[in-house]
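Among the features that TrEMBL reports, active site, acyl-thioester intermediate is placed at 114. The annotation active site, proton acceptor is assigned in TrEMBL to 404, 434. The domain 'Thiolase N-terminal' annotation in TrEMBL covers 30-300. Annotation source TrEMBL lists domain 'Thiolase C-terminal' at 307-446.
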């Protein structure tokens, strides 16, 4: 695909700061055409009787409606999910078929904890950059209202043996071996497999290590809720689509945005490290149901189909580090790497969207990024990374307030950056997120010339 000279020249003319463009010679430009998401709802509320593929299907149908995209124009579909529904293990395929996509369109599901839809999007970028596809739909879904609960291992073994037993005597013997303890269910793991520590416990330790106080965490969480409420009331959250829940009402907005007072937040007790921890329900993201979807295309194909892209998807990185003591520091490690890869500095970035799993986690990242000692001791740098200025940081709210359906958040972050760049007249945005396993991700997004 030959690069067109005119769009590249426009980059210099359109942005007041006269920054360089990140277009690379010989590399296809990959663009975000549009992105949507279902309203993010507290688990156990209006979506409670659905299944994950229902939400994913709604997001896909919303994307088709928003873009007017012919269903047969999509070459591939990639979807992320974390806690899988066993009936729809490849939720990408089931949701795509339910949304009316051609049965000739391949679809696969990826999982990478809280950056699953980021992985879906970068998989799409790779398919397009490699010349395999021109149009890919990526997204993510999480449904915490009905997580799979298993029988105990001993009970499962007994049931499988019962299925193979050939005589009545063998079956009765197996049934007689069942004990009360066998009936104890297994819930989905909420702890890291490698460390046996919950993410909330790790966030509490991380906040303590960086000296993030309970007050600072509550203030940051309250900021997130206030900014989200302002964005919602100002109709800035245009990626949210209305969804008619079968047998229930039409849902058209997130329901976890609840600005409280500092006094109310101070009354809550520590949720993980008791009694002296600082992480509470008020300064943590909540269990959320929701789905998101984005249309990613080669610039050439998008323009040929008459689309006006929202942004270029530029450089991205994935990082991983110690899952014990640095579980949630993905943004700190990923940010300088993606900036270096792009040839940019922190000052070049106009819009920052970081995933907020916990207020303590995000503030620890900001303090780590602003620490010469941390940069030198743990990152092999001569100086600190530098912290994003708060006037550019998550100004439409974040996961603490909007909600965090694990595998759907990545698409929300990218779409929000694109919309903020358009609204604020910026050129470059940066997405960063942490994930279970001590992993992380960052991506640079460039506004499409208006």
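Cβ atoms are placed via backbone N, Cα and C, with glycine included.
Neighbour density around each Cβ, counted as other Cβ atoms within 10 Å, peaks among the active-site residues 404, 434 at 434. According to DSSP, the domain 'Thiolase C-terminal' (307-446) comprises 60 helix, 34 strand, 46 coil. Each residue in the domain 'Thiolase C-terminal' (307-446) has a pLDDT score, and their mean in this model is 98.
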